[in-house]
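Here's the structure, in structure tokens; my notes come after.
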Amino acid sequence: MARTKSTVIARKVTGGKAPRKQIGSKAARKSAAPSNTSGGVKKPHRYKPGTVALREIRRYQKSTELLIRKLPFQRLVREIAQDFKTDLRFQSSAIGALQESVEAYLVSLFEDTNLCAIHAKRVTIQKKDIHLARRLRGE
């Protein structure tokens, strides 16, 4: 038995307007297509909102490298240390250990912040979620 192309497409129901039916025939669409390619400029490809974000989440969850650049972090540490004592020197391993612990703290804070946003039935984290997460931690 030969396979035929099914015209029924499963769609996720998100509310809003119902999809419109295609009225034009194949011949009408073929005649309209060449005018678009010859005169118009092709739009650059864009992913749906959220697709790139999900891809980045998967990418960074797989990786183990440091996400904050080393030199800007080192300058920040030296600037903060300058307030306590002048002419302090740091071993490179000390800066690396500080950076590891800072990134671990931030990742853990954002995980708790995300849980606070989900608890409020949202997917976007807000400033108040960070405040709540820190308060629950006792910070």
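Placement of Cβ uses the backbone N, Cα and C atoms for every residue, glycine included.
Annotated features, as they stand in Swiss-Prot:
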REGION    1-48  region 'Disordered'
MOD_RES   K5  N6,N6-dimethyllysine
MOD_RES   K5  N6-methyllysine
MOD_RES   K26  N6-acetyllysine
MOD_RES   K26  N6-methyllysine
MOD_RES   K30  N6-acetyllysine
MOD_RES   K42  N6,N6,N6-trimethyllysine
MOD_RES   K42  N6-methyllysine
MOD_RES   K42  N6-acetyllysine
MOD_RES   K42  N6,N6-dimethyllysine
MOD_RES   K62  N6-acetyllysine
MOD_RES   K85  N6,N6,N6-trimethyllysine
MOD_RES   K85  N6-methyllysine
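Mapped onto this structure are the features recorded in Swiss-Prot.
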residue : record                   : Cβ neighbours (10 Å)
K42     : N6,N6,N6-trimethyllysine : 7
K62     : N6-acetyllysine          : 7
K85     : N6,N6,N6-trimethyllysine : 7
*If you measure K62 (N6-acetyllysine) to K42 (N6,N6,N6-trimethyllysine) at Cα, how many Å is it?*
35
*asked:* So, three-state DSSP: helix, strand or coil for K62 (N6-acetyllysine)?
replied: helix
*Give me the Cα-Cα distance between K42 (N6,N6,N6-trimethyllysine) and K85 (N6,N6,N6-trimethyllysine), rounded to a whole Å.*
59
